[in-house]
Each structure stands twice: as structure tokens, then as C-alpha cells.
């Protein structure tokens, strides 16, 4: 996923989960309480397995746990999200997890993010912009929260709207970015969980081609309503 930085510290990503189908790790996600994971809608697949407390794909942690989805919730039909809107999915685990050395939830944000913030993102995604090279352990990188227009202007072919519930983040000179396999993972700005990795350019980490993240703060009411049992809750327009 992550280009341009190093392996995450084993103790800094207790909330990071890995989504597998068969034996393939295809997305990340974020544990937000003992029973719920937040990820991207485009990470919806059949037969998802969720690994929690994982660092190395080859050498399991003693407290690593596996779950499967009990329920999945979307703002819209899972096929109706767009590049700029509603790429968000809530997964209820089939049984709760307990906090442990390598498992603990990340709380939802208490305030919206500010442009200019330094944000950290992470995942097991590709670590080469041109080769199918995937790491054994998650990589972490610091990037900047940018004006939304910085994601709109470089991609005229997507016809992105003038405003959106999407965050734009990256390094304008390139070299640091999320990449294939990082989707669904967290964007953490000033210590708060603000974004869900949604989409970016391919090849990754090109100059003036930052990536887009679903804005968690704008979806708080929907998230909290679903968790509280109000499954008819609607997302922000």
C-alpha cells in the first residue's frame, strides 16, 4: 500500500485490520469498537475474513484473531458508491474481540480535520508504484491533508463535483502515497481517525496526484445510528 516510508512499529496499529478473501489480503480496515470495523464500500467482497492484531503476514502474533462479517452496512447499495461519495462500509463482526497487546479500537473523531494537518496512513498494500511488490508487515507514511481541489484538478476525466465528503491527502512532490491494497485503511490526522482510503492514481505516488479518502467526520451520525441498532439510518446527502 504504502510508498515512500517504512515499516509500521508493531505497537502503533492495534486498530488496523486486514481483509482477506481466500488467502489474498485485498484491503485494510479500522476497528472502531469491539464489534465493528469501518472500511471502504469498494472493499466489499464475498467470503471476507477479517484478521485483527496482525503485523507480519508470515509470523502470527499470539493474540491475533479472525472474524467474519455478521452484517454489512452501506450508505447506498454497495454497487452505487462513487469516486467522491459514500465509499464507506460498516462491518459487524460475528463475535466481539477483546483488547490485547495488539488489538484495540480507534475512536471516532471529535472534530473535523484541518487542511495542512500531517496525517498518517498505513497498510499492507503495494510498496512499488510499478511492480506487484507487497510487504510482509504494514508500512506507515506521513502525508499532508490538502485542499479538495488538489484532488479534483488532476483528474478531469472523473468529473468530480465542486464539493464532496471526500478528503484529499498526499505529498505534492510525489513519492509518498497509499497504493493498491491499502484501500479501506485509516487516515489519522493529529491523532484523530479522519479518513478511509478510497482511491488514487495508478501508478501511485506521482507528483501532483494525491489520493482521496472518505471523510469519517461527515458520516458520524450514520455510523453511530447503525451501531445503536437504527439500521434504517440514512447517510448525509
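Just so it is clear, glycine is given a Cβ too, placed from its N, Cα and C backbone atoms.
In the three-state DSSP classification, residue 42 (active site, charge relay system) falls within a helix. Every protein chain shown contributes to the tally, and the Cβ of residue 42 (active site, charge relay system) ends up with 18 other Cβ atoms within 10 Å. Summarising the annotation, Swiss-Prot assigns active site, charge relay system to 42 (among others) and lists sequence analysis as the type of evidence.
In the structure as shown, the Cβ atom of residue 87 (active site, charge relay system) sits within 10 Å of 26 other Cβ atoms. Among the features that Swiss-Prot reports, active site, charge relay system is placed at 87 (among others).
A simple way to gauge crowding: the CB of residue 183 (active site, charge relay system) has 27 other CB atoms within 10 angstroms, across all the protein chains here. Annotation source Swiss-Prot lists active site, charge relay system at 183 (among others), citing sequence analysis.
DSSP assigns residue 27 (disulfide bond) to a strand in the three-state reduction. Around residue 27 (disulfide bond), the same-chain residues at least 6 positions away in sequence with a Cβ under 8 Å from its Cβ are 18, 19, 39, 40, 43, 181, 183, 184, 185. Among the features that Swiss-Prot reports, disulfide bond is placed at 27-43 (among others), with the record citing sequence analysis.
If you look up Swiss-Prot, you'll see 119-189 (among others) marked as disulfide bond, on the strength of sequence analysis. In the three-state DSSP scheme, residue 119 (disulfide bond) falls into the strand class. The Cβ of residue 119 (disulfide bond) lies under 8 Å from the Cβ of 113, 142, 143, 144, 145, 169, 187, 188, 189, 190, 194, 195, each on the same chain and at least six residues away in sequence.
If you look up Swiss-Prot, you'll see 151-168 (among others) marked as disulfide bond. Residue environment of residue 151 (disulfide bond) contains 27 other Cβ atoms, counted within 10 Å of its Cβ in all protein chains.
The 10 Å shell around the Cβ of residue 179 (disulfide bond) contains 27 further Cβ atoms across the protein chains shown. Annotated disulfide bond per Swiss-Prot: 179-204 (among others), in sequence order, evidence recorded as sequence analysis.
Swiss-Prot lists 2-228 with the feature domain 'Peptidase S1'.
Positions annotated as N-linked glycosylation site by Swiss-Prot: 80.
Taking a C-beta cut-off of under 8 angstroms and a sequence separation of 6 or more, residue 168 (disulfide bond) has the following same-chain neighbours: 145, 146, 147, 148, 149, 150, 151, 152, 210, 211, 212, 213.
When the recorded positions 42, 179, 204 are screened for a C-alpha within 10 angstroms of the C-alpha of residue 87 (active site, charge relay system), the residues that qualify, in sequence order, are 42. According to its DSSP assignment, residue 168 (disulfide bond) is in a strand. Candidate disulfide-bonded residues: 43, 189, 204. Fewest other C-beta atoms within 10 angstroms, 43.
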